[in-house]
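A.B. asks: Here it is, the structure in full.
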Amino acid sequence: MAVWIQAQQLQGDALHQMQALYGQHFPIEVRHYLSQWIEGQAWDSIDLDNPQENIKATQLLEGLVQELQKKAEHQVGEDGFLLKIKLGHYATQLQNTYDRCPMELVRCIRHILYNEQRLVREANNGTSPAGSLADAMSQKHLQINQTFEELRLVTQDTENELKKLQQTQEYFIIQYQESLRIQAQFAQLAQLNPQERLSRETALQQKQLSLEAWLQREAQTLQQYRVELAEKHQKTLQLLRKQQTIILDDELIQWKRRQQLAGNGGPPEGSLDVLQSWCEKLAEIIWQNRQQIRRAEHFCQQLPIPGPVEEMLAEVNATITDIISALVTSTFIIEKQPPQVLKTQTKFAATVRLLVGGKLNVHMNPPQVKATIISEQQAKSLLKNENTRNDYSGEILNNCCVMEYHQATGTLSAHFRNMSLKRIKRSDRRGAESVTEEKFTILFESQFSVGGNELVFQVKTLSLPVVVIVHGSQDNNATATVLWDNAFAEPGRVPFAVPDKVLWPQLCEALNMKFKAEVQSNRGLTKENLVFLAQKLFNSSSSHLEDYNGMSVSWSQFNRENLPGRNYTFWQWFDGVMEVLKKHLKPHWNDGAILGFVNKQQAHDLLINKPDGTFLLRFSDSEIGGITIAWKFDSQERMFWNLMPFTTRDFSIRSLADRLGDLSYLIYVFPDRPKDEVYSKYYTPVPCEPATAKAVDGYVKPQIKQVVPEFVSASADSAGGSATYMDQAPSPAVCPQPHYNMYPQNPDPVLDNDGDFDLDDTIDVARRVEELLGRPMDSQWIPHAQS
């Protein structure tokens with residue numbers, strides 16, 4: 001729920017605290033009318049201490065003013081007139097207030113949002129002990145920002161300590177030079193007479209003794225300062241490493257996991273802006289500490305004092321180098337993944353990004369990134385640091401790209417827009433593994449120079465696994481491999497190991513995610529749908545979903561072994577359902593007009609107590625991507641009727657709505673919705689033409705109509721009449737008397753005597769029409785066929 005909606009429900013002192021956040025600096029009306037826009041901006045991604053971020057802050061200010069002006073323009077009516085003036089005034093006021101200091105607007109809104117979230121969280125503690133996911137994320141982000149503040153303070157502290165050390169050491173060196181000068185004066189005393197020499201010698205000895213005692217004490221102080229500074233750096237690096245682990249091993253890995261699930265249709269992985277701001281802060285603090293450590297080393301070399309400091313500094317220097325190396329190599333990521341089902345000779349794109357490119361000035365010498373395709377085994381060898389140089393599994397065209405720095409967004413990225421896989425070299429397959437189960441990956445590699453070539457890093461990153469196909473017919477099985485990998489890959493795995501078996505509830509989650517994404521629908525798989533799928537997969541009759549919760553599904557069951565009595569796998573059947581829904585039936589699924597996941601017997605059980613003419617649509621058990629109509633009509637012959645399945649090919653000829661509209665004896669959509677109420681908005685209008693209209697060029701226009709001759713005959717016999725199948729008029733359309741071309745009645749039965757259709761013995765009339773139109777015609781019809 002939006003924070004502002006919850007904030008408006010605050011009461012008592014919490015409400016007063018919330019109201020006190022607003023004033024002339026930021027009116028509460030602006031928060032109210034632009035609540036959605038305000039909460040949708042990445043305020044936390046801006047580093048308030050970085051002057052270069054002024055551009056982003058200015059863009060946010062301009063966006064805020066524009067949104068206010070748009071909101072003002074849309075106000076109408078008497079009340080709207082006053083609001084229009086008020087919002088316009090606020091737009092001008094905010095522009096004038098923050099035009100020269102846009103960072104202050106960011107600081108102000110961040111303060112408001114943080115306190116609103118805190119007040120809402122405190123108010124909800126009694127009703128929501130666990131807290132919402134958004135609250136948990138907000139709390140975690142708050143902790144990260146607090147740690148950054150702590151790191152900033154300790155880094156400033158060591159900077160001050162370093163300056164103190166420098167001043168102390170410089171004064172020590174001056175006094176040490178004074179000691180050397182005194183020693184030189186002793187050598188000159190020989191030239192003086194004995195009395196004067198004795199007097200001067202005594203004074204110089206006292207001065208030298210005093211100075212040497214001071215130098216000895218000060219040397220100990222210097223050594224103590226150095227040790228304390230090194231110890232502080234050790235603590236800073238511990239905190240830095242902990243913070244970096246949270247950001248790289250938790251937050252960034254979670255983003256990558258979301259990116260992987262997005263490949264299965266999950267929600268978008270989200271912006272990288274916040275992550276980049278954190279990584280840039282890490283880079284800045286790491287680099288500051290590294291420079292401090294190097295200066296401390298320089299001081300030790302300038303004035304060597306025996307002790308443990310040299311060893312301590314060498315250790316922290318090695319540690320800070322490891323930390324910055326991990327940061328640079330881990331933040332070289334793939335922002336936009338290449339397609340995971342990759343067809344040869346087909347253009348594809350990808351984008352890689354370095355999250356610390358701006359802060360470490362990598363963009364000053366723009367690096368080039370190279371993309372190559374490698375096998376699963378080569379990826380394993382790469383992660384083991386084995387020599388795999390020039391060991392590739394194919395050839396990619398346009399596989400080199402220079403990284404570009406975008407000043408406005410502060411991003412350093414390389415956009416591969418026109419890559420193409422020219423050829424692929426496959427490895428020997430294991431056992432029953434097919435080519436669509438073989439996984440490859442795109443390797444992106446580059447070389448980054450940091451700190452003016454002070455440090456050079458070889459960086460590599462691997463794409464999500466890709467399956468290479470050479471023909472569209474392989475897409476179905478390749479998608480299954482990708483789905484299984486994306487859903488069940490474990491963090492830190494060896495490329496590209498996945499479990500061979502998963503629990504049924506895990507697969508349900510993956511299927512539902514994929515289904516909603518493919519069909520582009522919020523109507524996902526219900527509990528009843530999942531029971532049906534479990535029955536199909538496990539060949540079981542149990543109707544309780546709980547009975548399947550402990551059952552495992554193997555990869556072989558999913559997409560290697562055919563379903564019992566069928567010539568296709570579970571995934572192939574499920575993918576066919578998604579395909580036909582996506583291409584032709586999406587609005588009907590969203591309307592709830594397709595029951596879909598029921599078998600024939602379940603359909604009959606659902607219809608048995610319904611009035612004649614009640615029908616439902618279910619996915620065919622016998623044909624991939626098929627959908628059939630089951631309806632009730634109690635005749636002498638039978639009570640339930642099942643029409644031969646329609647497929648994508650059929651709906652390319654005539655839509656489902658029009659086919660249902662043709663069959664007037666289908667009256668109610670299960671359970672009791674009038675058919676025309678559900679489907680009439682999808683009927684194709686029939687143009688009205690007068691009966692006397694002349695044919696153009698001697699031709700008359702044909703029209704295709706869905707008919708079921710066997711049912712019409714049976715229903716007519718049952719009614720004792722003599723109606724023919726053409727007496728069954730379609731549902732109301734635009735034209736009251738549509739004209740249909742007459743085709744011979746199909747002599748083959750569409751329905752079996754027992755109510756089951758047989759694909760070998762039945763044929764749909766629409767397909768019959770298509771066959772007739774494809775046969776050789778008399779010479780007078782040939783020109784028309786070509787026109």
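Backbone N, Cα and C atoms are what each Cβ position is placed from, and that goes for glycine too.
The following feature annotations were taken from Swiss-Prot:
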MOD_RES   TYR90  phosphotyrosine
MOD_RES   SER128  phosphoserine
DOMAIN    589-686  domain 'SH2'
MOD_RES   TYR682  phosphotyrosine
MOD_RES   TYR699  phosphotyrosine
A.B. asks: Could you state the whole-number distance in Å separating the C-alpha atoms of TYR90 (phosphotyrosine) and TYR682 (phosphotyrosine)?
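C.D. replies: Given the Cα positions, TYR90 (phosphotyrosine) is 47 Å from TYR682 (phosphotyrosine).
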A.B. asks: Which is it, of TYR90, TYR682, TYR699: the one of these modified residues whose Cβ has the most other Cβ atoms within 10 Å?
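C.D. replies: Top count of Cβ atoms within 10 Å goes to TYR90.
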A.B. asks: As a quick check of your reading of DSSP, tell me how many residues in the domain 'SH2' (589-686) are helical, how many are strand and how many are coil.
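C.D. replies: Output for the domain 'SH2' (589-686) reads 31 helix, 21 strand, 46 coil.
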A.B. asks: Could you state the CA-to-CA distance between TYR682 (phosphotyrosine) and TYR699 (phosphotyrosine) to the nearest Å?
C.D. replies: 29
A.B. asks: Indicate whether TYR90 (phosphotyrosine) is helix, strand or coil by DSSP.
C.D. replies: helix
A.B. asks: Check the domain 'SH2' (589-686) for me and report the mean pLDDT.
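C.D. replies: A mean pLDDT of 91 is what the model gives the domain 'SH2' (589-686).
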